[in-house]
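So that you can see what the record holds, here are the features copied from TrEMBL:
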- A:1-20: signal peptide (SIGNAL)
- A:62-90: transmembrane segment (TRANSMEM)
- A:102-120: transmembrane segment (TRANSMEM)
- A:140-167: transmembrane segment (TRANSMEM)
- A:179-202: transmembrane segment (TRANSMEM)
- A:222-240: transmembrane segment (TRANSMEM)
- A:247-267: transmembrane segment (TRANSMEM)
- A:273-305: transmembrane segment (TRANSMEM)
- A:317-338: transmembrane segment (TRANSMEM)
- A:350-368: transmembrane segment (TRANSMEM)
- A:387-413: region 'Disordered' (REGION)
Amino acid sequence: MYRIALILKCLLWFLGKWDVDLTWLPYFSNPYTQYNNIKEAKYLIANNYNPYSSDGIFQKPLLIYGLIIIDNDLVFLIADILICFLVAYLFGAKQGYRKSILLFYHLNPIIFANIILKNTNVFDHLFMLLTIFSALKTKFLSPILFGFLLYLNPQYFIIFAAISVIFRRETETTQKFALKLVGFLLLSALTIWCLLYISYQITGDWQFIEKTYIDYYFPKDHRPTIGFLWALFSGLFSKYKSLYHAFFILLPICYILPLYNLFVKYAKREKEYLGFMIGVSLFCSFLYFQYVSISDLVIIFILLFQRYDWLFNSLPTIVIVHAGCLILFLGGGLQLIWTDSFTGNPNFTFFQVFVSYVFYVILVSEGVREMLKFRTIQKTEEKEKIKDKGEEEKKLKDEKKERKVIDDKLKED
Amino acid sequence: MFIFFLVYVQAQFSSKLHFHYPNADESIAEFRIINKHEIDFTKTTQPFSLFPRSFLENLHIEGKVRELYISSTQGMMPELNAPQHGVLIITNEDADQQIAINQISEIFRIAKYNMIHDQAYYYKFNGNQSYLSFMGFDDDTIQVGKVLLAQDPTDNICIDGIESILKYFGCNGKKGVAQIIDPNTIFRSSYLSLQAKFQYDESTKTAYQKIVLLVKYETQSISKIFNLDPNLSYHSCPEFDSEFIQHSTREITYNLKSAEQFRMGQLSKIQDDTNMIKYSPKITLRKFSAGPWFAFDSYIHLQVTANEDGIVSVLLYFPHEFTPIYHTLETNLESQKQFIWEKETKKIIINAKIKQNETFLVKIKFSKKLKSFEEYPHDPERGQDIITTPVIFNGELYLTSHQVTRQPYPDFSMPFNILTFSSLAMGYFFLQILGMAVDKFILNKPEKGSLAQRLLRKIFSLISF
């Protein structure tokens, strides 16, 4: 079934005339992911200028130069298909779940619009999944891929919690685990340094660091996005901006240890928790980022739904539909009122994003709570089973003793 | 601040009124007042200030400011290629330029950020042979690095400044050439420019002050703009050492000091029978901003039509709040393009060869950026100025009109509320994750109660951690 959907999607992409400009769609692309930046960089490079002299190009040098050299839109379709298969392969332990991921992904118009828009965050998602894949399968590539992922988007540092869980699962002693982690971090740092140096060689100076890593957190764009902090930073006084930025950049790092603690206890043997853990980690990290695009949220929700069977038991499941409607329909509508007329209050856009995020926060935190309870129930049941087994054995032993005593008595008699 | 004279040895106070006639229907009147005094401020016992407060009511310049130049205009004068603008130049050795920027932004009512970061924008003017020049001071050069260009033409200070500056025209404006200036009606002119320069030379202990008032008006309506009551008689101001009225075309100069009496009616009569000069610019410029005013992106279109063959250079300038999208730059003729970045300002220089009666079209898209709270002017609804584009054609400088483009701005009324709600949600989530990471889950079998009790339990389990 999903194969048919995939073939239809590819045919639609190949045969459809996709010169239409979809950049008017709210929330689908933002200044960090838009393909317009690649076009701008291409033009400046063709005229012998450093593309990072201009404002507004946030993609990293290797990505820009890579896309200019490849110069074929097929790379976005290939990346998209790879992402889908990686998600299904890595996290779709149950057959039914695997099929539903593939169908949901390929039949999703948001994902298709993302391919048409040629948003460059598709490569961030791809490298994230490749990092997890290599952490599970081929160990030596994982630090290199993690370094590449951080080079592309530092916000993905939160994946380190999931990688720590994978490593802990596979090492017996704490010392070996610590050595493995330190080695991993050192290799990743080395990879990042090499990539930065190559970027310096390509662009000719270090200007790209200021534009793509520092200005990254201080953009001056005004298009509202579904990033929770957009409204906060857009309306903040300059005096306090640096303080808040420093605070919100560092806060995702504080999540790494709690997330590791949460999942290492329960994910030691079961692979299914890994996808859910990564979904929760990404949500924690992107909550503190101003510019979240809708495709980022789609990936997060696919991963969060991994444990859908027990999620349906909890109340927040119902709000997913509400949140989705709020973002796409009500939010889009209000966005058009504000952006097309500048007469509405931009706080309308903020409040509908805020309400959606309240629901997402409840969803994620209650999802984790239910997962822990579920695991606690499982553990309790296991313990009770063991206890019952023990009691049964004791009973049998007692019965045997009684029988022996009766037999002995009979013998005496 | 006011000039406080205690001791002066030698003074020179001259005034001149010069009439120009650029075309058949319009006239330009240029009032020029020069005042030089030797003043030894070290011998004064009371506190003094160098610059007239009347002209710069809000300006409180501290420190040793040695030179102050201020210009404010209203209307358009193509003959001078001068757009609406306000310019303030302060030359000082010790004063903190930051303080000066803060203070002068109050006068021009533009965002301070513009003045700090857009200082890369400047252009030099060379006075031409006639007395008409952009600055009005054709014999003075301006130090380019210290030009702070302001862009708020509707808030120019001509309106309040004219009336109070009259006292510096000598005799409190009651006598001399200043007598014909009527502060109530002078704004009916199509162009009005007030420029003042104040300077103090410590070595020669001389305070120098020069004020130029340029008024362009329809020749037929001279009596509606100036105080030219034919029944009034004109008396020279005794403070002036020299007073002249000059006409460009007939090269007539009236020395008012020697003329004992002069009637205003005679002035208007001279106006009626003079030969007029035709003025024809070499190029015609048209610049406009295209696209919906509410869009996040907008276009700039520039049309240059030449009346003769030549080379045209266009300097497009984008301050920090606008980012040009370079790959959308289009020109209809073959041209050389140069992109320059100076901190946060962006310049594009386009050179092209143009033939007679040919039109050179330039089009570029730019995106509007969101600014911080403090960077918005007091009236953000007015929009953001895109200042004039200098166009150099065969060595001559021409300036286009400026545009105003609407810019998005955040809701200024609710930053605290947004901060509170966002921090609440983020804090709740963080504590949830942290709490669950350290908590030991002990499962209690739920007691079966009524529906209301079970519902309440469920709600409490949701909100508690």
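Placed from the backbone N, Cα and C atoms, the Cβ positions cover glycine too.
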Could you tell me whether the transmembrane segment (A:179-202) and the transmembrane segment (A:62-90) are in contact, taking contact to mean 3+ Cβ pairs under 8 Å with a sequence separation of 6 or more?
yes
Are there residues at least six beyond either end of the transmembrane segment (A:179-202) with Cβ under 8 Å to its Cβ atoms? List them, or say none.
60-62, 65, 142-144, 146-148, 150-151, 163-164, 167, 171, 208-209
For the region 'Disordered' (A:387-413), the number of residues DSSP places in helix, strand and coil:
26 helix, 0 strand, 1 coil
Would you kindly list the residues that approach the transmembrane segment (A:102-120) from elsewhere in its chain, counting only those six or more residues past its ends and only Cβ-Cβ distances under 8 Å?
1-2, 5-6, 9, 12-13, 18, 20, 22-23, 25, 28-29, 33-35, 37-38, 59, 63, 67, 73, 76-77, 80, 83-84, 87-88, 293-295, 298, 302
Positions on the same chain near the signal peptide (A:1-20), where near means CB under 8 A and six or more residues out:
77, 81, 99, 102-103, 106-107, 112, 115-116
